[in-house]
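Listed in Swiss-Prot:
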DOMAIN    83-178  domain 'Toprim'
ZN_FING   60-75  zinc finger
Amino acid sequence: MPQAVAGPEIERLIQLLARMPGLGPRSARRAALQLIKKRDTLLGPLAEAMRVASERIVTCRECGNVDTCDPCTICRDHGRDPSMLVVVEDVSDLWALERSGAVTARYHVLGGILSALDGIRPENLNLARLVERASVPEMREIILALSATVDGQTTAHYVTELLAHLPVKVTKLAHGVPVGGELDYLDEGTLSAAIRQRTAF
């Protein structure tokens with residue numbers, strides 16, 4: 001077992017950073033050193049921002065997004081199209097779609113996808129609230145923005161069946177060649193989907 005190179009407080013910081021996705025022990029150690037070197041301009045303000053976030057962040061009861069208010073900023077936005085709902089697996093997907101600037105609808109976060117392997121069943125997801133939201137008179141379209149994985153597509157089929165009794169159109173994101181993507185680098189599944197879902201030029 002490697003020896004500690006610093007006091008317990010610094011080792012604790014490194015251990016916590018190493019729990020972050022994409023950060024292993026070595027990257028966590030480097031990040032900790034940068035924070036320590038810049039403790040006045042980075043570590044202190046970061047610690048304060050994290051303290052405030054920990055105290056104020058809540059989950060929106062309407063859509064499942066995280067924010068410092070409930071309903072969240074997106075649900076409060078009257079400029080959003082109330083007739084469309086974009087269903088996503090996780091908040092990170094919601095944020096990614098928001099960064100694209102392509103969505104003017106509201107969102108619904110499922111909180112995961114169905115997975116027999118991970119033991120995630122329908123009752124573990126935010127599905128009851130989805131049915132409630134899809135049932136309002138002004139709702140016209142539910143857009144399933146779920147992963148193109150087996151579990152993602154299984155979830156999409158389940159949601160489609162769940163909403164089949166409602167007078168709403170259920171659509172899904174197109175799959176295919178990404179903007180700027182070269183065919184040589186794409187996998188067979190992506191190329192196959194791109195051919196099947198081709199559009200007029």
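Note: Cβ is positioned from N, Cα and C throughout, glycine not excepted.
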Taking helix as H, G and I and strand as E and B in DSSP, count the residues of the domain 'Toprim' (83-178) in helix, strand and coil.
34 helix, 22 strand, 40 coil
Determine the mean pLDDT over the domain 'Toprim' (83-178), rounding to the nearest whole number.
94
